[in-house]
Number of protein chains: 2
Amino acid sequence: MELWFTERHTSNVKFSIRVDRQLYSAQSEFQRIDVFDSKEFGRFLTLDGYMMLTEKDEFIYHEMITHVPMAVHPGVKRVLVIGAGDGGVIRELTRYHGVEHIDMVEIDPLVVEVCRKYLPRTACRLDDPRVSIHYEDGLKFVRSVENEYDLIIVDSTDPFGPGEGLFTKEFYGNCYKALREDGIMVNQHESPFYEDDAVAMQRAHKRIVESFDISRVYQAHIPTYPSGHWLFGFASKKYHPVRNLNAVAWNMLGLSTRYYTTQLHAGAFALPYYVEELLRDVE
Amino acid sequence: MELWFTERHTSNVKFSIRVDRQLYSAQSEFQRIDVFDSKEFGRFLTLDGYMMLTEKDEFIYHEMITHVPMAVHPGVKRVLVIGAGDGGVIRELTRYHGVEHIDMVEIDPLVVEVCRKYLPRTACRLDDPRVSIHYEDGLKFVRSVENEYDLIIVDSTDPFGPGEGLFTKEFYGNCYKALREDGIMVNQHESPFYEDDAVAMQRAHKRIVESFDISRVYQAHIPTYPSGHWLFGFASKKYHPVRNLNAVAWNMLGLSTRYYTTQLHAGAFALPYYVEELLRDVE
């Protein structure tokens with residue numbers, strides 16, 4: 001038998017993974033949730049048919065969205081994580097002893113339940129006593145918060161469907177307000193390569209630039225996302241992502257990683273010229 | 001009508017591009033050659049069914065294999081290019097007025113003929129008076145050359161089929177000998193992500209390390225190659241790829257690029273930890 005999962009990266013490009021079996025499938029209040037097992041990527045989760053994570057390459061996304069801000073801010077204690085129902089960001093964050101409290105705001109309880117059951121490698125730290133899970137719309141949650149967090153990580157889906165509100169000017173403005181005076185916001189920032197992704201990326205960047213004093217973009221190689229060239233946004237009230245990198249302090253923590261290094265940290269902000277141009281066009 | 005070109009990136013992963021029409025197909029003495037037209041990527045060339053280049057993203061590969069060594073070596077005059085029948089490397093090299101002579105050694109004359117006809121955007125500088133095209137096996141060509149070149153660019157296909165000899169210890173040893181005392185060799189170095197590619201990458205690296213004093217690896221985002229995470233090897237007798245980067249001199253040349261920048265140059269050598277580990281394992 002041959003069973004293939006296929007995602008259209010554009011209407012003219014398909015990426016297909018041979019599947020051993022489908023482990024789970026359901027429609028939640030918000031989206032369709034599927035989990036598959038595969039030889040090449042291990043287990044993987046899709047939402048509305050879009051790849052969210054695979055066991056083989058999730059470390060790249062989760063390390064890059066977490067350790068980059070953590071190596072810049074000298075003392076993160078309170079963190080807000082939006083989305084992230086798979087638990088990957090929480091797993092990385094809870095490795096820091098200095099982190100005292102994490103509010104995780106996930107709109108869809110079923111995603112968390114499914115990941116606890118089928119993706120224990122990412123969901124393994126959701127029961128850490130420092131983590132409070134709120135099943136709410138992230139957009140609404142941040143409206144009522146002020147001067148509360150050192151770090152906000154926006155681990156959203158794409159800018160359509162349930163994740164749409166997490167790409168709005170109102171949302172970024174509220175994140176700014178929810179951060180302390182030296183707070184950092186990091187978000188998944190789409191891709192520069194295919195046209196529709198690039199437009200979404202530009203739109204997000206424009207709105208973040210309007211809200212934050214410092215706003216830079218960094219990149220990683222994530223093979224199972226469209227084009228494999230994925231971006232993250234680093235927005236901050238005070239810290240510069242490269243000049244304020246404290247490599248010595250971070251390396252002293254002794255955290256082992258498979259993608260992130262403090263050398264790669266600086267390199268990740270050195271973007272291709274065409275990406276710099278796309279960003280400049282909306283700054 | 002739907003017409004799709006599909007490449008298996010591994011036996012369990014497929015990448016498919018919607019094709020408008022097939023422009024050319026033939027079997028040469030060495031390989032099967034096809035050219036397609038597509039909406040997403042423009043025209044693209046495959047050899048034995050493997051993606052060689054697309055009009056949309058070839059600039060990434062060609063800029064990164066050419067400008068990285070050119071921004072390090074202070075005075076490249078004589079260049080040997082092996083493979084590169086599509087002309088993309090030649091196009092980038094001939095932009096440098098300081099380059100006096102380029103020997104291009106391509107085993108398959110039909111590739112050159114086809115690219116001249118169907119891929120004028122890459123083949124556009126093959127008639128530059130400084131270029132001598134030799135239809136020969138690159139492995140044999142370098143055997144008889146000594147102390148001749150400032151730069152060798154190995155723009156090979158994969159390490160099986162016609163390109164196999166360009167991944168051998170004998171070949172790298174002969175390249176070393178063919179270079180002047182401050183010469184640089186750059187090669188396409190496969191990918192670290194999928195297992196078979198990673199093994200090929202390690203094997204190439206091991207052999208280059210055995211032949212050259214300085215041997216470093218750098219990366220780029222090339223969406224149409226397996227995993228999108230592609231590597232290049234920088235091997236040298238004297239120059240370090242980052243410490244000897246002369247950013248001021250290169251920027252003074254005023255060459256416009258779409259991917260390469262001298263800032264990105266240094267960043268491209270900052271590899272993910274798992275890639276560093278794969279390389280260290282064979283050093």
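Note: Cβ is positioned from N, Cα and C throughout, glycine not excepted.
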From B:ASP86, B:ASP182, the one annotated by TrEMBL with B:HIS62, B:ASP155, B:SER156, B:THR157, B:ASP158 for spermidine:
B:ASP86
Record-annotated S-methyl-5'-thioadenosine site (TrEMBL): member among B:GLN31, B:GLN188, B:GLN202, B:GLN219 besides B:GLU106, B:ASP137, B:GLY138, B:PRO162:
B:GLN31
At the Cα level, what's the spacing in Å between B:ASP137 (S-methyl-5'-thioadenosine binding site) and B:ASP155 (active site, proton acceptor), rounded?
13
Determine, for the S-methyl-5'-thioadenosine site, the additional residues of the same chain whose CB lies within 8 Å of the mean position of the CB atoms of B:GLN31, B:GLU106, B:ASP137, B:GLY138, B:PRO162; present them in sequence order.
B:PHE30, B:GLY83, B:ILE107, B:ASP108, B:THR157, B:GLY163, B:LEU166
Given the binding-site residues B:GLY138, B:PRO162, which one is most crowded in terms of C-beta atoms within 10 angstroms?
B:GLY138
Spermidine site residues B:HIS62, B:ASP86, B:ASP155, B:SER156, B:THR157, B:ASP158: biggest Cα-Cα distance, Å?
16
Among B:ASP86, B:GLU106, B:ASP137, B:ASP155 [recorded positions], residue with fewest other Cβ within 10 Å:
B:ASP137
Where B:PRO162 (S-methyl-5'-thioadenosine binding site) falls in three-state DSSP terms:
helix
Cα-to-Cα gap, B:THR157 (spermidine binding site) vs B:GLY138 (S-methyl-5'-thioadenosine binding site), nearest whole Å:
12
Roughly how many Å separate the Cα of B:ASP158 (spermidine binding site) from that of B:GLN31 (S-methyl-5'-thioadenosine binding site), to the nearest whole number?
13
